[in-house]
Amino acid sequence: MDFPIRSQARLYPAQCVTFCLYVRVPPLSEWNFLKMQTDARPSATWPSVPKVHKRNRSTSLSDQQTAKKAHANHARLHLPQPIEPVYESQNGSVSQSEEKSSAVEINNSAAGDPQRFAVADLNFSWAEEEEKVVLAPYDYVASNSGKEFRTLILNAFNAWFRVPPESLTIICDVVRMLHTSSLLIDDIQDNSLLRRGRPVAHSIYGVAQTINTGNYVYFLAAKELNKLRNAASALEVFTAEMLNLHRGQGQELYWRDTLKCPTEDEYLKMVSNKTGGLFRMAVKLMQAESPAGPMAPVCDKLVQLLGLVYQIADDYKNLTAVEYTTSKGFCEDLTEGKFSFPVVHSIQSRPEDRRLYQILAQKTTEVEVKKYAVSYIESTGSLEYTKQVVRVLVQRARDELSRIDQGRERNQEMHALLGKMALE
């Protein structure tokens with residue numbers, strides 16, 4: 001049977017609205033049944049407020065509001081109050097009231113006693129698990145290693161330097177750490193999407209964490225140098241070449257962001273600082289650790305040539321090689337807006353034509369637009385010109401290699417590496 005209950009609600013100062021609230025009052029038989037159930041099972045819940053299973057200790061705001069309204073309505077209508085819902089947790093069943101008091105206790109416990117700071121040991125140690133968190137972006141890239149070309153070059157140079165194995169291992173590790181950590185930063189600065197065929201680290205770990213990790217590993221590498229026999233000299237070399245690396249990177253970013261095309265010589269100087277810096281650092285560290293000491297061969301010119309060949313050949317492959325499309329994306333240098341060696345030559349060949357400027361400014365990801373850019377670069381003879389430059393530099397490096405080797409052809413590893421770098 002339904003009974004209307006009249007009430008008045010004041011909605012506006014000058015207006016009252018009368019409304020009817022209809023409540024269904026159960027028949028006497030149902031009341032007796034419910035009373036028997038609640039007497040027999042005091043833990044039973046009111047039918048309209050079901051028991052909740054597998055909940056966390058913290059209840060949501062909506063659950064608390066619903067429970068309060070249910071209690072208020074039953075009290076106003078003189079109905080039996082529903083049993084407070086019970087929530088199951090890992091520590092057993094708890095009610096909402098117990099939940100609140102427990103939460104207060106937890107908060108008070110978390111706050112703790114301020115006096116503990118008077119005697120507490122505040123000398124914290126760095127845990128291995130914490131180190132893993134900070135190094136996660138680096139480990140992600142390092143786990144997908146590349147060609148290890150720099151390690152091959154160091155092994156080839158060691159035919160002359162004869163660096164002790166333990167020192168050579170440290171130098172190779174330092175070079176690998178610096179190269180990998182620089183990739184973390186480069187990918188952010190270039191807005192890259194892929195690195196070695198996988199999503200770039202900052203797309204997974206975030207930009208801020210990836211930058212922090214890249215910088216952190218720079219200092220870890222410097223710390224490793226303290227293990228070398230000539231640690232003081234090694235740190236001087238490290239500092240000088242890291243400065244050169246950042247100078248070269250700064251130049252390249254400036255040209256890209258201001259859409260200023262460098263001259264060929266400006267480009268070569270940038271490459272000498274950016275790419276050649278890491279090669280020079282490695283070779284100078286090996287010279288410092290070599291048992292030959294001052295009698296060790298001077299390889300500065302060869303290292304310089306290797307850095308130029310490596311970068312210019314890389315620029316060429318980025319626009320032409322299929323494997324680069326798989327690992328980095330199709331013509332990624334064009335998407336980055338980069339003034340690579342073929343692009344610089346193409347623009348200078350036709351300075352009045354602004355088409356390449358416009359394409360670089362857009363940082364386009366459209367494949368057809370990039371295909372058109374490559375065909376334009378090819379039409380200016382820039383791809384063939386780049387191949388010829390690499391060929392000349394490789395031959396010059398071979399001549400320098402023969403000079404260092406004094407015609408004895410001892411360093412066959414270096415000859416083999418130069419053969420791989422040539423664009424034949």
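A Cβ is built for glycine as well, from the same backbone N, Cα and C atoms used for every other residue.
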Residue in His179, His246 which Swiss-Prot records at the isopentenyl diphosphate site where Lys147, Arg150, Arg196 also bind: His179
Record-annotated dimethylallyl diphosphate site (Swiss-Prot): member among Arg162, Arg176, Arg195 besides Lys274, Thr275, Gln311, Lys328, Lys338: Arg195
Spatially closest candidate among Lys147, Arg150, Asp186, Asp190, the listed binding-site residues, to Lys338 (dimethylallyl diphosphate binding site) (Cα to Cα): Asp190
Binding-site residues (Arg150, Arg195, Arg196, Lys338), the one with most neighbouring Cβ atoms at 10 Å: Arg195
Integer Cα-Cα distance in angstrom, Arg150 (isopentenyl diphosphate binding site) to Gln311 (dimethylallyl diphosphate binding site): 13
For Thr275 (dimethylallyl diphosphate binding site), the one of Asp186, Asp190, Arg196 that lies nearest, given that the binding-site residues are compared by Cα: Asp186
